[in-house]
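These features come from TrEMBL:
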ACT_SITE  89  active site, proton donor/acceptor
ACT_SITE  151  active site, schiff-base intermediate with acetaldehyde
ACT_SITE  180  active site, proton donor/acceptor
């Protein structure tokens with residue numbers, strides 16, 4: 001797998017303009033990235049901009065806090081799919097994870113999985129707030145809900161993609177689930193190290209910088 005094929009190029013800042021969303025889509029096509037991750041209100045513009053390419057739009061759901069109702073997450077997912085999303089990056093309810101409400105966590109994720117109608121669902125668990133026991137049980141809930149990826153961070157939380165933690169997450173995650181790293185991945189060397197530890201996708205707003213040759217930082 002090439003590095004480009006592992007990158008979910010992201011434009012998720014709250015002040016992103018239509019022009020910036022269109023520009024991000026062009027970068028995805030220029031570099032042949034795996035997916036283009038945008039907030040759900042920008043899905044239609046992103047999908048139109050990627051028309052004719054094979055690059056899917058990945059819509060964020062309940063981003064970045066994950067603390068909306070389960071019904072709201074499902075509805076946002078329906079809307080995103082209708083507007084052209086082909087992948088989903090949802091934020092789990094972090095408070096429920098911390099209080100070990102695993103029934104609630106699982107049902108919350110499953111509602112999004114059902115609304116996505118077979119599209120890949122990546123579940124963000126914001127590991128900077130969690131113990132390793134919480135992470136293990138959250139991964140189990142993700143698997144039980146039928147989602148497809150474990151993702152460590154929104155990039156807006158207290159911790160990004162630490163290589164040691166991401167390697168551990170890969171080891172304790174079932175083989176049929178992917179693992180996506182996000183948060184603070186800004187150089188090619190960081191990205192390559194994550195891929196070498198078995199990470200399947202990398203979320204970053206710095207996609208072009210990651211694939212440039214000669215970056216030893």
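Cβ coordinates come from backbone N, Cα and C, glycine included.
Sequence features annotated in TrEMBL and their locations in the structure.
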residue	record	Cβ within 10 Å
89	active site, proton donor/acceptor	30
151	active site, schiff-base intermediate with acetaldehyde	28
180	active site, proton donor/acceptor	29
Whole-number Å distance separating the Cα atoms of residue 180 (active site, proton donor/acceptor) and residue 89 (active site, proton donor/acceptor) is 10
Cα distance, residue 89 (active site, proton donor/acceptor) to the residue listed as 'active site, schiff-base intermediate with acetaldehyde', nearest Å? 8
According to DSSP, folded down to helix, strand and coil, what is the residue listed as 'active site, schiff-base intermediate with acetaldehyde'? strand
